[in-house]
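Visitor: Below is one structure. I have some questions about it.
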Amino acid sequence: MRGSLWQLGQSITRRLSQADKKAVARRYFASEADLKKTVLYDFHVAHGGKMVPFAGWSMPIQYKDSIMDSTVNCRENGGLFDVSHMCGLSLKGKDSVSFLEKLVIADVAGLAPGTGTLTVFTNEKGGAIDDSVITKVKDDHIYLVVNAGCRDKDLAHIEEHMKAFKAKGGDVSWHIHDERSLLALQGPLAAPVLQHLTKDDLSKLYFGEFRILDINGATCFLTRTGYTGEDGFEISVPSENALDLAKAILEKSEGKVRLTGLGARDSLRLEAGLCLYGNDMEQHISPVEAGLTWAIGKRRRAEGGFLGAEVILKQLAEGPSIRRVGFTSTGPPPRSHSEIQDEKGNNIGEITSGGFSPCLKKNIAMGYVKSGLHKAGTKAKILVRGKAYDGVVTKMPFVPTKYYKPS
């Protein structure tokens, strides 16, 4: 799905408040029967979830509260997201690390067991096939989660290279965790609420770290990470235990942690300056252009050895021709594909994500501009529905991150 989920949510909310609700339902939900459903589908509907098609799944874009209120509540209290549409998988075998390093930019070998990082799967031209959070569980076990909309192409890509790797004697196999569901618990109450449901001391688990532990009576994969800029966790739970866990989290929070949909998830990640694949990252955009140079391991910069390394290492040495930057602007909120111009009216780039920030109460956006015009404070014009409005390049994240790290 291209374009802002927040924008889609607002559109649905406006239309559902109008008279012809049946026509709106037909427009947005006509393909409901063909969509996959998470094990929490009925739970979402019972709690007022407005279900929309997303990456082949029926997912809640919002609940009874507005996307604005839901976004603010996640930052002030907490949000619980069903992200079971995303694809978790494990690579196992003594050569799983060396295999994965052929496909991603991360220094996987350099990760300590129980730690992870954001990385990018690249193609032969250095473009991004997908971004992913990968974790080295042990030296012979890697756990990773890929985006729902990229699942088919990601799995085909991994499988193709795995067959060639194994044909040369490499020891690697995979398991796709379709038997598990994935919940994301985010916000300042995430840790205190989850602590009620496990005996393990969560204060010793820092951002980017991973554990396999018992939560609410189920064996879960717990990663201290998320997609909001807040402290929080992604919890991979056996699907038969997912509903009980979701209920327990909401109950232990005494109503402060709310079910939160894809609309608020989109505004939260935009405020945190995080990419949405299909908007801010594409197959023709490199990690360097996307501002993810930090995710390329130091050893990988020296050695290469991943798809597209020649292109990416050249960009590191010479600088990319375009760069991802943040913007604030006046007028209506910019949207995906809004043109960016310099003050003389020359085209210098394009917005990839934008919206009105519920927390900052102003327009924010990100997009790509020509190198040299990427420095904070650079003035620009952003075209919205054919009219130019003032914009300025701004450092990201727009809202300070609150990841839980050692002090």
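Every residue, even glycine, has its Cβ placed from backbone N, Cα and C.
Pulled from TrEMBL, these are the listed features:
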DOMAIN    40-298  domain 'GCVT N-terminal'
BINDING   Glu234  substrate binding site
DOMAIN    323-399  domain 'Aminomethyltransferase C-terminal'
REGION    326-348  region 'Disordered'
COMPBIAS  336-345  compositional bias 'Basic and acidic residues'
Visitor: Within 10 angstroms of the C-beta of Glu234 (substrate binding site), what count of other C-beta atoms is obtained when all protein chains are considered?
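Guide: Result for Glu234 (substrate binding site): 24 other Cβ atoms within 10 Å.
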Visitor: Which numbers of helix, strand and coil residues does DSSP report for the region 'Disordered' (326-348)?
Guide: 0 helix, 9 strand, 14 coil
Visitor: Averaged over the whole of the domain 'Aminomethyltransferase C-terminal' (323-399), what is the pLDDT?
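Guide: Computed over the domain 'Aminomethyltransferase C-terminal' (323-399), the mean pLDDT is 98 on the 0 to 100 scale.
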Visitor: DSSP helix, strand and coil counts for the domain 'Aminomethyltransferase C-terminal' (323-399)?
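Guide: Across the domain 'Aminomethyltransferase C-terminal' (323-399), the residues distribute as 0 helix, 44 strand, 33 coil.
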